[in-house]
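Let me begin by presenting the structure, written as structure tokens, before commenting on it.
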Amino acid sequence: MGVPPVVKKRCAFIMIGNRGLGWYTVNSAYGDTIIMPCRLDVPHNLMFGKWKYEKPDGSPVFIAFRSSTKKSVQYDDVPEYKDRLSLSENYTLSISNARISDEKRFVCMLVTEDNVFEAPTTVKVFKQPSKPEIVSKAPFLETEQLKQLGDCISKDSYPDGNITWYRNGKVLQPLEGVVVIIFKKQMDPVTQLYTMTSSLEYKATKADIQMPFTCSVTYFGPSGQKTVHSEQAIFDIYYPTEQVTIQVLPSKNAIKEGDNITLKCLGNGNPPPEEFLFYLPGQPEGIRSSNTYTLTDVRRNATGDYKCSLIDKRSMIASTAITVHYLDLSLNPSGEVTKQIGDALPVSCTISASRNATVVWMKDNIRLRSSPSFSSLHYQDAGNYVCETALQEVEGLKKRESLTLIVEGKPQIKMTKKTDPSGLSKTIICHVEGFPKPAIQWTITGSGSVINQTEESPYINGRYYSKIIISPEENVTLTCTAENQLERTVNSLNVSANENREKVNDQAKLIVGIVVGLLLAALVAGVVYWLYMKKSKTASKHVNKDLGNLEENKKLEENNHKTEA
């Protein structure tokens, strides 16, 4: 759409006159909508308003037109602004989806019949770069060597930004031979966005172990300068071995004969050495191996100093002393031993060990207070003896030997008798001692009959007894026979008849006689009493008659006396 000739003539004059409005800048983020107010008061006789932008050579390009009378809006055919423009009634121009190419000088024009008013606006577009990222990271860094650490990249920035490197949060400044930073930027010709790359070369030390490295990009946005940081990167630091150590597995305080020993050699470098030389006691030449060397089924002669060193630095050496603990036990005598009662038996348990050992004696699973000693064996000395020793500090190092003692003896017999307080029975006891356990048999001498009804006690410590209870009516001789594999022993005991039983029988007879006599006496007394009673009745009659006669004679005598007087 063109401008009337009269307007064009006045345009240059008016533009110069409107420079007094000053420069006005609109900042916009990439992709946002650019909003540019006209900044002019709308005159009452306004014919129309227009927006244009100026090319680098100063020539104008009109992009929007709005009539004040028809209230209609027209947009010029400019490909880069197709469907992106919006012109409001107050002549504010909006451009959607801001691009880098929108950075231009735009001019708002209000045209009346006799004048043209202009207000320029400069557009600035900003694009926040992507979060910086450390790429092409070195797999490791080596001390005293300048190596490429990595590249810090930040993309799609406008305008271009600046990249900074940090070690443990502190800015890394270039230092010859230690820190080398190379920065470069590249613009995409289509999007006009920048990609910034900063490469870092770094000479590491052991102090850089586990130290975080980061980078940041500093850029300008609509609201000013901003900074975005990358994620941390931690690098493996390689450094040479400075010290060698040797370890013993298992713990060298617990090595015993028969164990397997593993020697482990370690270097404090990174990465650690993979091969070493191992030196065994008495062997001047080293054995080349990985960081471990194993000895199997070690004996006490393996005690000594063990060493290891680096292959390329034999002066860097480590050593350790190893003691192979041992424990020997000798029991004399041992196994099964058979002795006779009364014999003497010396017993010794000899210990030989790499250090002091504890000794414990057991008999039949019961701990003894002291070691056994037999000057004269008894049956109770028989049993299973165990001598056990151990090294407390060395787990699993124990030894034990056993002695099974058998004390044999020919049967010995002692017979006793005891009369029951009532006198009706007698208890005969046959005490027997001997081993193996003798068998006891009772017989009655003369008749030769065997007594089977006996009572036996438990067999303890080579002794027990058998007893019988009898009530002999005549004198007898009892024989006790004890027999084992060694001998047959016989002993006899005379047992008299029960005298109390005869006395009791006589007493019983006497009592029966007395009872019979008493019964007969009672019978005689009854007969006598009957006869007496019978006689008493007859005598009573004669007595009464005689008594009457006496009274009469008495009266006659009294009368005679009276007459004589």
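Cβ coordinates are placed from backbone N, Cα and C, and glycine is handled just like the others.
Taken from TrEMBL, the feature domain 'Ig-like' covers 132-229, 240-323, 342-404, 411-496. The transmembrane segment annotation in TrEMBL covers 510-532.
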Checklist entry - Between the stretches 132-229, 342-404, 411-496, which wins on the count of C-beta pairs under 8 angstroms to the domain 'Ig-like' (240-323)? => result 342-404
Checklist entry - Going by DSSP, how much of the domain 'Ig-like' (132-229) is helix, how much is strand and how much is coil, in residues? => result 3 helix, 64 strand, 31 coil
Checklist entry - Which residue counts does DSSP give the domain 'Ig-like' (342-404) for helix, strand and coil? => result 3 helix, 31 strand, 29 coil
Checklist entry - According to DSSP, how is the domain 'Ig-like' (411-496) divided among helix, strand and coil residues? => result 0 helix, 54 strand, 32 coil
Checklist outcome for this item: DSSP assigns the residues of the domain 'Ig-like' (240-323) as 6 helix, 39 strand, 39 coil
